[in-house]
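What TrEMBL says about this protein:
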type: ACT_SITE; residues: E134; note: active site, nucleophile
type: ACT_SITE; residues: E138; note: active site, proton donor
type: DOMAIN; residues: 60-189; note: domain 'GH16'
type: TRANSMEM; residues: 38-57; note: transmembrane segment
Amino acid sequence: KNLLACIGLHRAFCRESFTALSLSLSHSVMACSRGLPMAMVCVFLAFCVSIAMVGSVSSSRFEQLFQPGWALDHFIYEGELLKMKLDNYSGAGFSSKSKYMFGKVTVQIKLVEGDSAGTVTAFYMSSDGPNHNEFDFEFLGNTTGEPYVVQTNVYVNGVGNREQRLNLWFDPTKDFHSYSLFWNQRHVV
C-alpha cells in the first residue's frame, strides 16, 4: 500500500502561542523502484507553528524537497527556519515531492507551552483509500500543570481502534525532542 507520513497540529480554538517542529528525511530512506511509491512525507499544521529543517536546509532546498499543501500565505521563510501559522481562518501544510518505500522519518518537536488544551499535534504514516494502513503519534494538548499525553494508533485495512495513551515523563515544551517512524518490509518502529 502507498504510505503517507504526516504531521499535524490542530486546535479547537486559536490563541496566540507557538510550537516548533523539525522534520528530516534520513539518508537511509530508500526511494521506491519501478514507480511503486510506498511512503510520502507530509506535514499538516492547523496552529501557529515554526518548522526548522534538520541540517542546512535553505528555503530553496526546502522548495526542492517539499510542496505546500494549502495556505501559501501562512508560510514564512527565515533562512533555515520555516514558520507556518494558524489563524482563525486557516492552518498550513506541506508534503514531500518524493515517495519512499522504506526508511526513517524523524520529527523534532517543541510543543505548545502552558494551556494547550484543544491542541493535537499528529505525526502519522498513511496509505490512500478506504482500506488504508496508518501509524499515528498524536500529542494531546493539556491544561497548565498537566503532563502531555501521546496517543498512538494503528490502522490495518481501514480498521483502527488500537489507541494507546502514554503520559510523557518529560516536558516536551522546554526543548526539541525527536520522534521517529522507521519502516521496512517486516517492521514498523
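Positions of Cβ are set from backbone N, Cα and C atoms, glycine also.
Automated prediction, rather than curation, is the source of TrEMBL annotations.
Counting only residues at least six positions away in the same chain, the Cβ atoms of V120, T121, A122, F123, Y124, V150, Q151, T152, N153 sit under 8 Å from the Cβ of the residue listed as 'active site, proton donor'. The residues of the domain 'GH16' (60-189), classed with DSSP into helix (H, G, I), strand (E, B) and coil, number 9 helix, 69 strand, 52 coil.
Residue environment of the residue listed as 'active site, nucleophile' contains 19 other Cβ atoms, counted within 10 Å of its Cβ in all protein chains. In the predicted model, residues of the domain 'GH16' (60-189) average a pLDDT of 78.
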